[in-house]
Amino acid sequence: MADVGLPVDEVYEPPARVRDGALVADMETYREMYRRSVEDRDAFWREMAERFLTFSKPFDRVVEEDLRTGTIAWFIGGKLNASVQCIDRHLAARGDKTAILWEGDEPGTNRRVTYRELSEMVNRLANALRRRGVRKGERVAIYMGMVPELAAAMLACARVGAIHSVIFGGFSPRSIRDRVDDSRCKAIITQDEGRRGGRAVPLKANVDEALAEPGHSVEFCIVYRHTGTPVNMVAGRDEWWHDAVANESTDCPPEEMDSEDPLFILYTSGSTGKPKGVLHTHAGYLVHVMCSHKYVFDIREDDIYCCAADVGWITGHSYIVYGPLGNGSTTVMFESIPTYPDAGRYWDMVDRLGITVFYTAPTAIRAIAREGNDFVKKYRRTSLRVLGTVGEPINPEAWRWYFNVVGEGRCSIVDTYWQTETGGHMITGLAGATPMKPGSGSLPFFGVQPCVVDEEGRELEGNGVTGRLCMKASWPGMMRTVYGDHDRFVQTYLTAYPGKYFTGDGCHRDKDGYYWITGRVDDVLNVSGHRLGTAEIEGALVGHPAVAEAAVVGYPHDIKGTGIYAYVMLKAGYTASDELAKELRDAVRREISAIATPDKIQFVEGLPKTRSGKIMRRILRKIAEGEPENVGDVTTLADPAVVREIIAGAGQAR
Ligand code: WT7
């Protein structure tokens, strides 16, 4: 989006009905709590951990950190298990409360899973995993669609101390295999098929293809039957979920975990190389996501809370599964997409389920806003109190539509800035307290110490500054390492500005101390809120026999936020054509996922390079953005004529 990150001079106060009775109901309370959370950090987080978690053995010390070596530990010495936090301790008072309210792909197909039922599902599956030899510290991949059993599978892994690695259902067999190999997963939990927008997603078939070549670590697969479509079952390897749990007891003693024992790995794209396995732990992560879920959305006991993301991404881990279930909330799991069967789907669901807190991404808001207001007005939406946005900067126009048309000025909007690596919210408003500015994530969450640095790493003090966003100290939900590659963790996040965590984002801090995220300053693209590395996409393109070299950049896209623009140089003997462009798109889909498909492919004779051979992406970005006049100085290039040729050919991008 062209207009993101530029401060707008508009302030909206939280509506009275959101303020009334809110946990944090005014800015004085926020400021006082925030001050304590950084000035008296240990005491603040000790109190939060004791309030939000139930330890079987209390922790001895709150935190130990060294941001240079990447040694980070919270709630040291404590013992607990995340599945107990999310289930067992709710059973006495909330056994019959709906834990997961499932809305299937077809409007109105619902399932209510109570905390007691969820407990039974999780315990049975945990016993089945243990019986099949899954032990503490071993990795289990989960490749499923948005069904309650996905959450149950995650919690069952946690219960036996296994580290789950959820792989988004939109990823290709190749991507599954890369992830399974990287962390040597012992098992895969999957389902026959997923459903999305009326279409089938061949989950089991993709797993079969991922495991077709020998040499993998997977000993068995458990397959949940969802649509009932026949799938291939490999004898000795694959078992139906229903059969595997049939004779298991509903009581599975939880593994006692250390605060710092790993809970899960989630792969995410960076500027270089293959996606890395971001690792989160049992105690710190849970405190952070529960505490932020509660305070940011101002969660109350009878809320019907809905985060419309997919559990395959961090948003779903933290704010569909662990945060809400940890807090004993009713969490909606939405299997479909915002435009199925039409652009009114969200609001139809809000009315039918009585949703009070609704959390989605700017790309979804833009996609339905352009279909017109009638799709919103058809529904009452009176249950809504809080609206949330996440995943990318929201352009003020989309923000105003969300606030005025969807919320009719009666709801607060919380714009939550965070990352896979941060585990939970970092910069965000609190629904009942924070005055809102359209397009700004507003202020730091408790315990979060952001700073803005210039390119040399000097911290820019005061307000009205622009630079790169870093964190000065760790927070409980911070990632602990890159699975199997601690050096990469230190290199990627802790080396650019020694002693600080670098987010990869640019930002502006305005006169009131509000943060405006301007987007990634590295080679990471945020396409419809999905994170992709340009290097990964280039790798997939170069894998095609016709391609000699490829360079991928982002450009502003009305719906996706960022679109994917690929410059492709062919090998001698190949000629540019629409068919070849299609083949290249298919190759990216096959290697990575449909979400990584280039929007535009431009065939070029050469790429702009420095004399030392480095591709000048700055130039390619300007051309992709449609601003060739701003390419700047090209005289230092090995062959400046290349730039003229690319500019001339930009109109033929296909
Ligand atoms: C990147 C992280 C956090 C869950 C979803 C994405 C961008 C995320 C916002 C926001 C501006 C945002 C950043 C960040 N981002 N939320 N509210 N405002 N930018 O997680 O895949 O790890 O991506 O998403 O660029 O670095 P992710």
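Keep in mind that glycine also has a Cβ here, set from the backbone N, Cα and C atoms.
Mean pLDDT of the predicted structure over the domain 'Acetyl-coenzyme A synthetase N-terminal' (30-86): 98. Annotation comment: TrEMBL describes 30-86 as domain 'Acetyl-coenzyme A synthetase N-terminal'.
Residues or ranges marked as domain 'AMP-dependent synthetase/ligase' by TrEMBL: 88-481.
For ARG196 (CoA binding site), the same-chain residues 6+ apart in sequence whose C-beta sits under 8 angstroms from its C-beta are ASP105, GLY145, GLU335, SER336, ILE337, TYR340. Annotation comment: TrEMBL describes ARG196, GLY197, GLY198, ARG199, THR315, SER528, ARG589 as CoA binding site.
Annotated ATP binding site per TrEMBL: GLY391, GLU392, PRO393, ASP505, ARG520, ARG531, in sequence order.
Residues or ranges marked as domain 'AMP-binding enzyme C-terminal' in TrEMBL: 536-614. Secondary structure of the domain 'AMP-binding enzyme C-terminal' (536-614) per DSSP (helix as H, G, I; strand as E, B; remaining residues coil): 24 helix, 29 strand, 26 coil.
Per TrEMBL, N6-acetyllysine is recorded for LYS614. Sequence-distant neighbours of LYS614 (N6-acetyllysine) (same chain, six or more apart, CB under 8 Å from its CB) are absent.
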Fill in: Largest tally of Cβ atoms lying within 10 Å of a Cβ, found at which of the binding-site residues GLY197, GLY198, GLY391, PRO393
PRO393
Worksheet item: Which one is it: of the binding-site residues GLY197, GLY198, ARG199, THR315, ARG589, whose Cα lies the shortest distance from the Cα of GLU392 (ATP binding site)?
Response: THR315
Worksheet item: Roughly how many angstrom lie between the C-alpha atoms of GLY391 (ATP binding site) and ARG589 (CoA binding site)?
Response: 22
Response to the item:
Filtered by Cβ distance under 6 Å to ligand 1, the binding-site residues ARG199, GLY391, ARG520 reduce to GLY391, ARG520
Worksheet entry | Other same-chain residues whose Cβ falls within 8 Å of the Cβ centroid of GLY391, GLU392, PRO393, ASP505, ARG520, ARG531, the recorded ATP site, in sequence order | ILE517, GLY519, ASN526, GLY529, GLY561
Item to complete: Looking only at C-alpha atoms, tell me how far ARG531 (ATP binding site) is from THR315 (CoA binding site), rounded to the nearest Å.
Response: 12
Item to complete: For ASP505 (ATP binding site), write down the residues of its own chain that are at least 6 apart in sequence and whose Cβ falls under 8 Å from its Cβ; none is a fine answer.
Response: ARG468, LEU469, ILE517, THR518, GLY519, ARG520, VAL521
Worksheet item: When DSSP states are grouped into helix, strand and coil, how many residues of the domain 'Acetyl-coenzyme A synthetase N-terminal' (30-86) land in each?
Response: 27 helix, 15 strand, 15 coil
Item to complete: Would you kindly give the Cα-Cα distance separating SER528 (CoA binding site) and PRO393 (ATP binding site), rounded to the nearest Å?
Response: 11
